[in-house]
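Trainee: As annotated in Swiss-Prot:
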type: ACT_SITE; residues: HIS325; note: active site, proton donor
type: BINDING; residues: HIS139, HIS141, LYS222, ASP365; note: Ni(2+) 1 binding site
type: BINDING; residues: LYS222, HIS251, HIS277; note: Ni(2+) 2 binding site
type: BINDING; residues: HIS224; note: substrate binding site
type: MOD_RES; residues: LYS222; note: N6-carboxylysine
Amino acid sequence: MTRISRSAYAEIYGPTVVGGVGDRVRLADTLLLAEVEKDHTIFGEEVKFGGGKVIRDGMGQSQRLATDCVDTVITNALIIDAVTGIVKADIGIKDGLISGIGKAGNPDTQPGVTIIIGASTEVVAGEGLIVTAGAIDTHIHFICPQQIEEALATGTTTMIGGGTGPATGSLATTSTSGPWHMAAMLQALDTFPVNVGLFGKGSSSSHGALLEQVRAGAMGLKIHEDWASTPASIDTCLNVAEETDIQVAIHSDTLNESGFVEDTFAAFKGRTIHSFHTEGAGGGHAPDIIRAAGMPNVLPASTNPTMPFTRNTIDEHLDMVMVCHHLDPSIAEDLAFAESRIRRETIAAEDILHDLGAFSIMSSDSQAMGRVGEIVLRTWQTAHKMKLQRGPLQGDSERSDNERIKRYIAKYTINPAVAHGIAHLVGSVEVGKLADLVLWKPAFFGVKVNMVLKSGMAVSASIGDMGASISTPQPVQIRPMWGSHGKALRTSVAFVSQVSLSNPAVSELGLNKRLEAVRGCRGVTKHDMVRNNWLPAISVDPQTYQVYADGQLLRCEALAELPMAQRYFLF
């Protein structure tokens with residue numbers, strides 16, 4: 001029997017499991033170590049493409065017709081996923097969907113084949129690469145279209161939010177107001193290779209004014225204090241949501257003008273709602289909106305500028321608040337409004353509540369107190385900070401951090417998908433879902449993508465000089481690929497409400513994107529948030545702003561230095 005050393009095997013085929021012990025992979029330059037839990041491939045029967053390799057006719061490639069074979073296979077990849085786990089496998093893609101996670105090859109010559117390779121199969125070499133589900137950003141201000149290229153370059157494949165461009169309302173609030181703007185933005189977003197969904201303006205006590213936006217194609221409604229986040233508007237908005245099975249997102253009343261946090265909670269009446277930037281620096285009842293993270297009907301999210309807590313976090317927030325919410329620093333009341341939202345104690349507690357699974361979702365708040373290209377990066381910086389300050393999570397050890405890794409990746413993949421009724425199509429690396437997949441070199445994990453697949457077709461990738469003789473010479477840049485051009489845009493989805501699908505005005509928009517209705521939004525609770533469903537009793541001292549969870553004070557220090565930072569961005 002021919003033998004190969006473990007290190008040599010990993011170099012050729014990627015990490016594996018031997019004798020029940022998995023190889024480990026460091027994520028970027030963090031302290032986080034992922035250990036392979038299972039290897040679906042078979043030793044000695046691995047498939048690999050290239051000169052003198054296995055995927056050749058009569059060897060690893062069968063003579064089967066296209067109907068029996070996958071369109072694309074990713075070979076020997078390390079999957080990191082909140083649902084599937086941390087596993088080594090071949091991934092089959094057929095008709096834009098993940099069709100298999102297992103062992104690829106030729107069943108006529110190899111044992112255990114579950115993914116058939118044929119003449120109609122393209123190969124993506126996954127050896128030594130990490131594969132994750134595309135990130136889902138549920139807090140997008142659609143201010144400028146260039147955000148989408150930035151998002152794709154950092155692994156985001158689904159963008160949900162609102163706006164109409166750099167209008168003053170859109171600079172502050174994530175809502176696309178009214179049927180006319182809804183139609184225009186759906187048509188504008190039709191030319192980009194990402195899944196999209198739009199929020200209508202939910203700040204109204206008029207049932208009809210909200211319903212007409214849902215019928216026009218809104219996949220959800222957004223309540224925002226700048227338009228009014230009153231108990232009446234909250235109740236009306238949730239009534240419409242219950243009737244139409246859509247999600248409601250809320251940015252509550254920082255100034256406590258129309259009531260305190262208890263009044264907002266009472267207006268929920270136990271109904272499901274997605275709470276944006278639940279810590280409060282991004283907006284919400286001062287100083288105690290963070291209490292929402294302990295409610296079973298609230299799906300609590302963070303936006304990325306407060307994550308993780310560093311020595312620069314407090315200083316940068318004041319200017320962000322002033323600009324985003326159209327405030328005047330020469331007006332004392334405006335300055336007091338901004339300062340009321342920025343609290344060192346609640347920002348520090350936010351890191352810990354994420355680590356313990358009380359906060360369930362991460363998002364960006366793009367160009368409106370958040371960075372569209374940093375949702376993935378800041379999630380892992382936070383996980384690193386928490387390991388550094390708090391040690392291993394329960395179930396982890398000094399050897400590996402699988403439980404923490406699966407908890408944190410859920411925050412920008414499966415949990416936002418579940419919250420907004422789109423988990424039947426996106427959010428995890430599972431059979432039957434869209435092949436919206438991101439490939440990473442481990443050293444660049446969470447920072448710079450190797451390749452982004454949209455329904456199995458490359459839409460963004462790190463590619464060298466296009467005038468060179470090969471694809472690798474410098475400058476290597478993340479560039480748009482064929483999947484982002486022409487009618488290949490049909491590989492993306494526009495998520496809308498179910499009631500809008502029967503509206504002739506929506507079907508007459510002539511969209512290339514496939515229209516898919518959100519579903520199951522109203523039955524979701526905090527218990528459905530994968531690996532992030534802790535429900536502590538949270539309290540905030542009104543004088544000191546100190547945060548307690550189940551009676552325990554939550555405190556951590558600001559970091560002065562982070563991984564995944566300057567060493568990756570010299571150019």
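Each Cβ is built from the backbone N, Cα and C atoms, and glycine gets one as well.
Keep in mind that what you see is a predicted model, and the values were worked out from it rather than measured.
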Trainee: By CA-CA distance, flag whichever of HIS139, LYS222, HIS251 among the binding-site residues is nearest to HIS325 (active site, proton donor).
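Mentor: Comparing Cα positions, the closest of these binding-site residues turns out to be HIS251.
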Trainee: Would you count the other C-beta atoms found within 10 angstroms of the C-beta of LYS222 (Ni(2+) 1 binding site) for me?
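Mentor: Excluding its own Cβ, LYS222 (Ni(2+) 1 binding site) sees 28 Cβ atoms within 10 Å.
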Trainee: Which of the listed recorded positions (HIS139, HIS141, HIS224, HIS325) has the least company, meaning the fewest other Cβ atoms within 10 Å of its Cβ?
Mentor: HIS325
Trainee: So which binding-site residues out of HIS141, HIS251, HIS277 end up within 10 angstroms of the residue listed as 'substrate binding site', measuring C-alpha to C-alpha?
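Mentor: Hits: HIS251.
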Trainee: Compute the centroid of the Cβ atoms of HIS139, HIS141, LYS222, ASP365, then list the same-chain residues not in that set whose Cβ lies within 8 Å of it, in sequence order, for the Ni(2+) 1 site.
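Mentor: The answer, listed by sequence position, is ILE140, GLY161, GLY162, THR173, THR174, ALA249, PHE276, THR303, SER363, SER364, SER366, ALA368, GLY370.
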Trainee: Which binding-site residues from the set HIS141, LYS222, ASP365 come within 10 angstroms of HIS277 (Ni(2+) 2 binding site), judged by C-alpha positions?
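Mentor: Cα within 10 Å of HIS277 (Ni(2+) 2 binding site): ASP365.
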Trainee: What is the number of other Cβ atoms found within 10 Å of the Cβ of ASP365 (Ni(2+) 1 binding site)?
Mentor: 29
Trainee: State the Cα to Cα distance, in Å, between HIS251 (Ni(2+) 2 binding site) and LYS222 (Ni(2+) 1 binding site), rounded to an integer.
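Mentor: With the alpha carbons as reference points, the distance is 8 Å.
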Trainee: Work out the three-state DSSP category of the residue listed as 'active site, proton donor'.
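Mentor: It is coil.
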